[in-house]
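Undergrad: From TrEMBL, here are the annotated features:
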TRANSMEM  27-50  transmembrane segment
DOMAIN    43-294  domain 'G-protein coupled receptors family 1 profile'
TRANSMEM  62-80  transmembrane segment
TRANSMEM  142-165  transmembrane segment
TRANSMEM  209-228  transmembrane segment
TRANSMEM  240-262  transmembrane segment
TRANSMEM  274-294  transmembrane segment
Amino acid sequence: MPLLNLTSLTPATFILAGIPGMEKSHIWISIPFCSMYLSALLGNGVLLFVIRTERSLHQPMYLFLSMLAIADLMLSTTTVPKMLALFWFSAGEISFGACLTQMFFLHFSFSAESLILLAMAFDRFVAICYPLRYTAVLTQSVILKTGLVALLRSFCIIFPCIFLLKRLPFCGHNVIPHTYCEHMGIARLACADISINVLYGLAVPFAAIVVDVVLIALSYVLILLALLRLPSRTARHKAFSTCGSHLCVILLFYVPAFFTVLTHRFGQEIPHHVHILLANLYVLFPPLLNPVVYGVRTQQIKEKVVKVFVCPKSHLLQE
């Protein structure tokens, strides 16, 4: 018997079905999704521009915030344009290679953002617990290396998923009941055992994220202990307020992520279209709200935004 040529069972294209059961509402759903995406582009773009142009913001906290904004833009831009094309023009067809590329950058940006949030927690830990050593510990070199580590770790975790998917045969099943390509959504279409994909997809990326969450929690436990040792209530409040924005961003990132994962794995009674809507909102909410949180809660950023965009003439005169 001749050997089966698995490459012939690799589909040329996949079909993204959108939100199953809500096809007639795609146009209406696209309106808030498009509005949120454009707002995310504007908010993160303004944040990056202000931090880039204002030298006073070239500090570790704001450089990490720039990395977070870039990861947010990657997370949303990887998925939303194709999603809107699907909603508006029924352009659900996507090549096998493009689907794998979208899957890679989706999971890559998620992993990178998680590590950046860990780096921001370490920044707050050093700033509050060891303020005199802050500039010595968080140097430009350390910040650059942190960014490189985030890229390298994310690449090493997600890149094997491409090979795990490329080895699978697909027997004519090419409709993905989703608005974008993700690892297990593609793997479930295969006509072969996908236990390795399930194991790797759950164990490795999930373990990395859990490690990040544990280390972030440990950082804030140490920060809380340091704050309780401060003699003045005003000093405690002022020190903890510097962590408020970061805590909000952490909740915006991890709570929907874990909720989506848990409902996807254990919420079999939840309708499928609800799962898809939650997954779509997840790639939109953090990129949309992160710049708002930091813009509202961080006085330095508010002042610089006003300085650059509201009072540009006075800004130029001061220079």
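Cβ coordinates are placed from backbone N, Cα and C, and glycine is handled just like the others.
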Undergrad: Of the stretches 62-80, 209-228, 274-294, which racks up the most C-beta pairs under 8 Å with the transmembrane segment (240-262)?
TA: 274-294
Undergrad: For the domain 'G-protein coupled receptors family 1 profile' (43-294), report the average pLDDT of the model, please.
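TA: 90, rounded to a whole number.
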